[in-house]
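Everything on this sheet refers to the single structure shown next.
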Amino acid sequence: MEKRRVRRIAAAAMSGFLTLSLVVPVHADSISDAQQKGQQLEQQKNTAENEKNSLSAQLNQVVSDMEDAEKKLTAKQDEIKTAQDELVKAQIQENDQYEAMKLRIKYMYENGNTSLIEVLFSAKSMGDLLNKAEYVKTISEYDREMLEKYENLTKEVEKKEKALQKEEEELKTLQNDLIQKKDNVNKLLQEKQVEIASLETQIGENAAKLQQLIKEAQEAKRRQEEAAAAKKAAEEAAKDKQQSQNKPSNGGGSANSGNSGSSGSGGSGGGGSHVSGNGTLSYPVANPRITSGFGYREAPTEGATSRHDGVDFGAATGTPIYASADGTVVTSAYNSARGNYVVINHGNGMQTWYQHCSAVYVTQGQKVSRGQNIAAVGATGIVTGPHLHYEVHVNGVPVDPMNYL
Ligand SMILES: [Zn+2]
């Protein structure tokens, strides 16, 4: 009865677990999926914990039942031992009586008549004689009665012992059942532990995945906001054509008057060609317009450095960016501050960097030639609006690009 109830509970718990497992999606693709999966895993774990507790309680009960059965069995074995002692005693008694009786019968046969006659003749009176005759009869009756009594006693004790042995067998069967039950419950308990451990692993993995998804979502949101800000800035810039906000802080760029002429040192750029040809490096954009020079300045955007390691060329998003010299692309990547950027190695310790690109057309390891369109101006990374942040590095140190253009 008890056993059947336990099995039913275990079966119900098991099927409940299977149903839940089927509901849970294998992959969490979105934050809400991962959160939902996390909740489901926690629920599964709670269920498994409850089942485990129930199994532990069952195990305790079984162990207690086993102790009980063990006590009963020991008591029963003591009873059997007592009964066996009793039986031996009864058998001895019966045997003694039988032997005594045989001796008396034998004596009476051997000396029967004489002794009987002697007994009878020794009677002093008729009454005495009758008494003596009665005495002889009584002796034989006594023997028979005693023998019967002892025989019965022996039979009874034997019966009792058999009954006790039967009870002992039943107790042993009960004990075996309990051992089996204990093994079963133990096995279920171990399975439950494994299940809980597996759920805990899944919960950990899911939590890590959730964190990753949240991080990615934040990154994506930040990029969207940057793009929106850049778009807004571009629209405002287009609206008011003066664009007097951006001033070159570089000492060399004294010309602040207007358009393409501002890149004084290079000189030849005004003609529409994107290659200046004069310097070691050519201008990375056509009609270059410097909006911020190399050197120290007020940080224009929160998060930007106050030391300006390059030169900013103001240009609309999509404006082509050209390689300043022949070389090899060593980096083509995205960075939260630089946005999409390209680094070209020109040999002799010289590199040029092109940052905040809206698009990049080259890949790492690719050979490029001077004047090749490698990317497009954009507003990715930390920026207030679309421009090309251009750096020249010599032996790993940023230098003023104007010295090479
Ligand atoms: Zn810059």
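In case you wondered, yes, glycine gets a Cβ from its N, Cα and C as well.
Pulled from TrEMBL:
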- 1-28: signal peptide (SIGNAL)
- 35-54: region 'Disordered' (REGION)
- 35-44: compositional bias 'Low complexity' (COMPBIAS)
- 96-160: domain 'Peptidoglycan hydrolase PcsB coiled-coil' (DOMAIN)
- 224-284: region 'Disordered' (REGION)
- 224-242: compositional bias 'Basic and acidic residues' (COMPBIAS)
- 307-401: domain 'M23ase beta-sheet core' (DOMAIN)
With DSSP, how much of the region 'Disordered' (35-54) is helix, how much strand and how much coil, in residues? 20 helix, 0 strand, 0 coil
How many of the residues that make up the compositional bias 'Basic and acidic residues' (224-242) does DSSP mark as helix, as strand and as coil? 16 helix, 0 strand, 3 coil
Counted with DSSP (H/G/I as helix, E/B as strand, rest coil), the domain 'M23ase beta-sheet core' (307-401) has 1 helix, 55 strand, 39 coil
